[in-house]
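*Asks:* Could you have a look at this structure, given as structure tokens, before my questions?
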């Protein structure tokens, strides 16, 4: 192969820190393989750890995501030291990777900008996330690399750059083979909606299902300087139209107005009945997982949910001390009061929320989101020297009227509990009850959101028991 034609496909992946609010990504590892476009064989590989300019960016959350610790990179080269090699590998070649258009390409451009150099430019791009979503569909469940690899029995994803790009190539080979066979055997198709738990099942679907042919001539679009913020180059119009028309998505600013989904488990008025809710001490960190589910049956739009085992992750937290109470001076865009308060977290609850945050953020990034992640646990700063989190009181809108969707009870010193009835959420009744220093028992739902480039988990109270 002529070394000057640069016809090889450059599969690449970067491992990065997981930034907190206001921080930037920092590359911790770069890995790439050059692949022959005619034989799909690996011709050359390169990988290296990268020392970030600021080692403090490597947080415990970052280590949980990719296993790269500060000690691993303290003697590694800076990005400036490997920039020539990275440029030579990438410039003028077709780039390939999983979610590279929204993530890896942006990180490469940022890294070159930080050292004052022009970034490499591709002559085309293959983003396997967009390509496989369109061509292969969600028959494996979600479109995470780890899920696709498990579907084909390729082992576990290590979240290390060179391993991931090699796995990416193998996944593409397997998917292409399946699509080729389907196009050749139109009467023997597999179900396109099989979940990871049932991928061993063999099902038949209507032979007239669309999307079973392989396009053998796909023009690879070049990427402009701002490509990281542009749509995927593949035809995702159906998904985009669905996003535009979907009425389930609500603004994070208007989170208090969201409707309670019928499937949500709500605690009964008997405070001894905690069915569906677990205390933090009763939960196992290894059983916490984040998964993608359709917004509604048949939808291509996916929403992220948190599970404990196979059940929705819902918490019962007793004796939470309120650090900052409800403050009526903060309003949402409709003029209604924002109903939330901040509580201190005990160590077990803190660990659970950190694990939820880590799992949800990783899935959010892996599924293609570029939104800024808002941690569920508020950072400790200034005089606030204890981990804390914000709890939201849900409201329901019925015409022009609003009412609390959160059940609110009050426990007297005698132990008797009564349900409180409020006229509407626009008055100041809660301000006198949920004050700084008071104590509540809370039944909490953890609800991930991703809207207007903001993503995170909000703690929504299904039921509150205020201690007198």
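Backbone N, Cα and C define each Cβ position, glycine as well.
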*Asks:* In Swiss-Prot, the Mg(2+) 1 site includes 13, 15. Which of 163, 164, 281 does it also list there?
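*Replies:* Candidate listed by Swiss-Prot for the same site: 164.
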*Asks:* Note the mean pLDDT of the domain 'Exonuclease' (11-172), expressed as a whole number.
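*Replies:* Summarising the domain 'Exonuclease' (11-172) by its mean pLDDT gives 93.
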*Asks:* Look at the binding-site residues 13, 15, 164 and tell me which residue has the greatest number of other C-beta atoms within 10 angstroms of its C-beta.
*Replies:* 13
*Asks:* With an 8 Å cut-off on Cβ distance to the 13, 15, 164 Cβ center, who else from the chain surrounds the Mg(2+) 1 site?
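*Replies:* So the additional residues around the site are 14, 29, 31, 66, 159, 160, 161, 162, 163, 165.
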*Asks:* Indicate whether residue 164 (Mg(2+) 1 binding site) is helix, strand or coil by DSSP.
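*Replies:* Reduced to three states, the DSSP call for residue 164 (Mg(2+) 1 binding site) is helix.
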